[in-house]
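Colleague: Dropping the structure in here first, questions after.
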Amino acid sequence: MKWLLLLGLVALAEGLIHKVALVKKKSLRQSLWENGLLEDFLKTHSLNPASKYFPTEATTLSANQPLVNYMDMEYFGTISIGTPPQEFTVIFDTGSSNLWVPSIYCSSPACSNHNRFDPQKSSTFKPTSQTVSIAYGTGSMTGVLGYDTVQVAGIADTNQIFGLSQSEPGSFLYYSPFDGILGLAYPSISSSGATPVFDNMWNQGLVSQDLFSVYLSSNDQSGSVVMFGGIDSSYYTGSLNWVPLSSEGYWQITVDSITMNGQSIACNGGCQAIVDTGTSLLSGPTNAIANIQSKIGASQNSQGQMAVSCSSIKNLPDIVFTINGIQYPLPASAYILQSQEGCSSGFQGMDIPTSSGELWILGDVFIRQYFTVFDRANNQVGLAPVA
């Protein structure tokens, strides 16, 4: 009888996990390359991954989320907004906090090729007079804020504030595989003081635990998932190791060291890192990354990527991140990205001066290897090897 009760409780707990399936698609970079536009794009758009974090010029009405920095993203999920629901493909981004999608008020070419929200077709939409501006590349996405019901993984998140874009300059966004972005970081970095989607879910009692978790599949187009309100142990092996946040805003933690063959190659004496599902690569200080690129034999090609010989993967050593005393090795098969164009490094350089020293971004290259729990209740991140 006790076993039946226990099984029932387990089934109940499992049922309270709300899962969003993520689909792996061609990245914006791949689409531009296939359409013969990548080289021209790279000549006119400066890739600056650092500009996403700790913006110095952002105001309460401006969010600094450069869309050009999402050009290598491959994982996307579906949400709906309004009554009846209107569907959108979004990036679930733990490196930002706002939700925004294109609207019918946007006549830019980029918007015309994507799903656009029509407030007039939603009986639950509530307008505001607030504007929002999200900077990227050589222009910015401008729009207005409104409230409506957002459905995510079967959760009806009512009275959710979100951005409706009115202008998206930059023809390259015409080819982007996503409509908008759903931010999952803390409210403190949200533009316009907008309540993030997950906070609104928790405040309304729509999830059973104040956490969400992410599994990114390495190979398949399907299989990746974001889970709201719970943890599914079938996605990882061993036990979760918990890492306290060093700062609450981004999902920021302390890294003890980064080594190769037992020798330090970066992060001497420790460094800070943001765990970010909205960054595809693994980013760090320019000088440190240049050292790593040299050690793995990477050199820049005409597509702006650091090319690596595919045949070298089997001979390259692990790069080990030690976090809270636990080692997290990345094999070459993880940090060397393979595509139809060839092989390239999964590392990219960026310099973000912070009061706590050098900053790294643990993007999808890292998260594909380690199931990640984002625990808001205890302000910590849980990591375990993927199953």
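Each residue, glycine too, has its Cβ placed from N, Cα and C.
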Colleague: Can you tell which of C271, C343 is bonded to C310 by a disulfide, based on Swiss-Prot?
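Modeller: Looking through C271, C343, the record in Swiss-Prot gives C343 as the partner of C310.
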Colleague: From the Cα of D276 (active site) across to the Cα of D93 (active site), what is the distance in angstrom?
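Modeller: Pair distance, Cα basis, whole Å: 7 Å.
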Colleague: Near S129 (phosphoserine), which residues of its own chain have a C-beta under 8 A away, given they sit six or more steps off in sequence?
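Modeller: Looking at Cβ-Cβ distances below 8 Å from S129 (phosphoserine), excluding near sequence neighbours, one finds V144.
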Colleague: Quick check on the active-site residues D93, D276: which one has the highest count of other Cβ atoms within 10 Å of its Cβ?
Modeller: D276
